[in-house]
């Protein structure tokens, strides 16, 4: 309303200026001043389109567990309190890199959109890193599910390295300040990447109930494309859920990317086969594995020439006219000069380099002409007997099966070795890997609340700071230049079709333009036919009138030159009827 009122004022003042143009100069100046004031008021009332729209502010508050947890840390205290740096050395490694001397810090992300939100940061590159913390109490695999969740942000991307966690097995020998790569763990979970191989590990160590030996069991690879989680430099939430019924789920950003069952979807399988191949069994010497054999009764045909060449000279070819038989194809370069440092005793007699014979350029060829070769129609090659089914074929030999002496059946692989600590034991060629909001719990609701209060705020802050749709399209095109072609076609094609549609319409003929009347309109052809009929009818009427007038004249002359009043009245009426008949309003209606 305010904008409309200001526009009305501008119109009124503009009218006043025009009316006062012939008036006093002082009045004109006053009106112009008023107009300038109104224009300034309109400009001031316009919104500032240059300033970017303010993003909704997201206030950070450290998450607090809403129930019982085995472990939780948001690092918002700003210290490594509760975490222990390893002092161990890695075995079978050069002393220069054997130490776990990688640096860890607690700090905010480099481009944090949540002031006050801190995390654990792997600071150095090309070093071994190891840090761990005790759980509030050991986790026992009984009737409750296990849920492990934490956040990772590859702030500088990732070349080669991991961001996985290890749940360290509860053993009497567990010493966190000596945590290293061979420290026993129960579960390893999290992202890992080297080259173009993007992984999301879920590995658990299963104890053989017969031998007591532990063996790693790897979950199947996720079907989802994991590359974006490593390259987009955003914070991602990784969740592992293990249930007492042996089912598992792996989630990224609260969406399932992998799921399965510990009994069916691990490699190698938890339970070995009931039977195995007998390692002592040997294939018999007379075992025939050949499905086809040469026909022993086949005989080489008498006319089979094994010595015939595959190619023969073309006898029908003729030497092209102008062929220079006496000219060599290459000649010494006449412009070449012997190098000054050429030593004939050491280098031998100097010879000019060969160049293409210039006389051959205008000829079909030079040198001795030879007939071209063609395929020999009589060539058959080495004769071989045809193959037939082997009547003695016994199939592919396999050793016999015997009962597996190491067979066992564990129907509850969920009941793994209890663990009492969480650790990060990593090697990375990229620094500034950000970890945050670790939680280990048995209640999904508590974990979801923790995620909403931590990762959920990060996601909201990132969404508030993200560019609009156009900005996101431009960013995507910068990463994938071929998208520019898609954008151009998407915009240009509809415009082209609209222009083509608007410019290619057929022009209507004048015969199809209707008159502004409610009366039925004739088609062009019918209208022309009616005009011809009316013209012929008019000519006949004129001819009849002329004859009538001549007859009346002659009658009048016979009657003494007098004309009756009745005849005088009939004449104007006939003329009026003729005019009415020629009027378009009295035409016949168009025939359907």
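Cβ from N, Cα, C; glycine included.
DSSP assigns residue 502 (S-palmitoyl cysteine) to a helix. The S-palmitoyl cysteine feature in Swiss-Prot is assigned to 502 (among others); the stated evidence is experimental evidence.
Swiss-Prot lists 503 (among others) with the feature S-palmitoyl cysteine, giving experimental evidence as the kind of evidence.
According to Swiss-Prot, the feature region 'Disordered' maps to 260-345 (among others).
According to Swiss-Prot, the region 'P domain (Extended arm)' annotation covers 276-409.
Using DSSP to sort the residues of the region '4 X approximate repeats' (278-345) gives these counts of helix, strand and coil: 2 helix, 10 strand, 56 coil. The region '4 X approximate repeats' annotation in Swiss-Prot covers 278-345 (among others).
Among the features that Swiss-Prot reports, region 'Interaction with PPIB' is placed at 326-359.
The helix, strand and coil residue counts that DSSP assigns across the region '4 X approximate repeats' (348-405) are 3 helix, 13 strand, 42 coil. What Swiss-Prot records for 348-405 (among others) is region '4 X approximate repeats'.
Among the features that Swiss-Prot reports, region 'Sufficient to mediate interaction with SGIP1' is placed at 503-592, with the record citing similarity to another entry.
Taken from Swiss-Prot, the feature region 'Disordered' covers 511-592 (among others).
Per Swiss-Prot, the feature repeat '1-1' maps to 278-290.
Tertiary neighbourhood of the repeat '1-3' (314-326): same-chain residues 359-360, 363-369, 371-374, selected by CB-CB distance under 8 Å and a gap of 6+ residues from either end. Here Swiss-Prot flags 314-326 as repeat '1-3'.
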How many neighbouring Cβ atoms, not counting its own, are there within 10 Å of the Cβ of residue 503 (S-palmitoyl cysteine)?
7
Beyond the flanks of the repeat '1-1' (278-290) by 6 or more, those residues with Cβ under 8 Å of it:
390, 392-397, 399-402
Mind giving me a neighbour count for residue 502 (S-palmitoyl cysteine)? Other Cβ atoms within 10 Å of its Cβ, every protein chain shown.
8
